[in-house]
Amino acid sequence: MANPFLLSLSLCLVLLYTSACLGEGLDRFNECQLDRLNALEPDNRIESEGGVTETWNSNKPELRCAGVAFEKHTIEPKGLHLPSYTNYPQIIMIVQGEGALGISVPGCTETFEEAQQSQSRQERRRGQRSQSQEQEDSHQKIRHFREGDILVIPPGTPYWTYNYGDEQLVAINLLDTTSLSNQLDPNPRRFYLAGNPEEEYPETQQQRQQRQQHQRPSGRRHGQHQKEEEQEGKNNILSGFDPQFLSQALNIDEDTVHKLQNPNERIKQIIRVEEGLGVISPKWQEQEEEEEEKEEPRQRRRRERREEREEEEKEEEDEPRESRRHRGGHEEEEVEEERGRGRGGSEWKRTTRRRHTRGDEGQEEEETTTTTEERRRRRGGRGSRQEEEEEQSPPRSRNGLEETICTAILRENIADPTRADLYNPTAGRISTANSLTLPILGWFQLSAEYVNLYRNGIYAPHWNINANSVIYVIRGRGRVQVVNSQGNSVFNDDLRRGQLLVVPQNFVVAHQAGDEGFEFIAFKTNDQATTSPLKQVFRGIPAEVLANAFRLSLNQVSELKYNGNHNPLVTPQSQSQDHNLVKVA
């Protein structure tokens, strides 16, 4: 009797598990069965020493439908957003200001190195003394950004941002929580390397606390429970480690470990660097060099060039006449090329020797000599042997690992007027960034569309064929209408600066700017998101089909298909006539 009972019990458990899984799938599907869309504003606000962090409630039905979360960071001048990473990719839109972005990509080398001369210059600027025992700094590439840029942050990659401008730096972050890179649940998480930042998504923290209360055994020791309560609020990833273990693992003293974990300091998401941030950067290096060279702009370089020419002429005069006679019809020429200034401020030169050989017909043959030999002598050892083998072996294709990971392009200015994809002088302009213009977006299945509508300009009805879209208003105000598959209007209201609106896939949407214009960015969950303008669809359908489908005359069908612009940017009829009259006058 035991075997049938166990069999039936096992079958019941399997059915319960299957129904639970199906229920989760249906819940995920039903999240996009939205009868009404809402304009979303930030729900949480964290004020730090160097700025403000705002987040949207990730449990909002619209955001759960799109599978994304949003953050907004306002960084004051000299503000530093502490290093952190997430388990999903991010797109950052720079709404205002300028600054620097640092990313520590795992497995990539530190390509920015500090020379001794540049170190002393930096220390002179700060009024510090150089210490010979301190090791010269090196780090990975520093990227600079400005208003209108979009930045792509890979998952699990620590990054930091710094505002070196004179105004506030405002950045809006999209976090793709349902990305395949995220192997955890879709609740947003951010892992900070430093500080004691506050929880950015308190709704997820409440859910975790409720689960822990249900899962906590009743007989748990009081000491262990007290220890867990003491660790609450320590939100950087180093705080949870044992100090002695961390000291041995990182080979540092206990005082340094204490500062890394800083259990008592309340340093939040954004700090202020009072003396300014000093890192290795060609942009900042050139600015320092220009300041130092104001006293003698070009005199020193001219003197060095003149002395070098005199030395070359002296060497040619001292050369034996027999060697010059032996050359006969051969003419030797030294070409010196300056390639700018190095990181340490010193000039470096590369010399190549070109030999011009005159044949019987007066033709010249030019060949470069000694360049490879000089490189071999300078490098020596393994490098020279490897270079020699590469020259002897036939050309082969590179694997592309370093080019695609360590030197990937992560920035593009989507708001630049010169790169507009669609433009109407009286209606506005549209620019897109996808995996064709910014290849790294193809890794994460994301893209963006920038829309700047002029006064009363219209972005005609259209829909996103293969992506959800999330609109963030940068400036101005506009009227937005969204219609679902049942033909019902799920949103028909004004959107203003700082608001979000989710437009699900294939929902038809239209925009019209107000008197002050309408500027927004639309993040999309496909690296090659495609829009289908309604007017273009009508033009692709035969006239007879439209006439019978809508009960229209052929004249009406002709007006429907061919009146107006070919692109979805439309100017109101009255404004278009006024514009034409002004142009004629």
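Cβ coordinates come from backbone N, Cα and C, glycine included.
Listed features, source Swiss-Prot:
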COMPBIAS  136-147  compositional bias 'Basic and acidic residues'
COMPBIAS  211-224  compositional bias 'Basic residues'
COMPBIAS  309-320  compositional bias 'Acidic residues'
COMPBIAS  338-350  compositional bias 'Basic and acidic residues'
COMPBIAS  565-579  compositional bias 'Polar residues'
DISULFID  CYS32-CYS65  disulfide bond
DOMAIN    37-258  domain 'Cupin type-1 1'
DOMAIN    412-558  domain 'Cupin type-1 2'
SIGNAL    1-23  signal peptide
Helix, strand and coil residues within the domain 'Cupin type-1 2' (412-558) as assigned by DSSP: 26 helix, 72 strand, 49 coil
Residue counts (helix, strand, coil, in that order) that DSSP gives for the compositional bias 'Basic and acidic residues' (136-147): 0 helix, 6 strand, 6 coil
List of residues, in chain order, with Cβ under 8 A from that of CYS65 (disulfide bond) and at least 6 apart: GLU31, CYS32, LEU34, ASN468, VAL502, PRO504
Per-residue pLDDT averaged over the domain 'Cupin type-1 1' (37-258), given as an integer: 83
Cβ packing number for CYS32 (disulfide bond), 10 Å threshold: 18
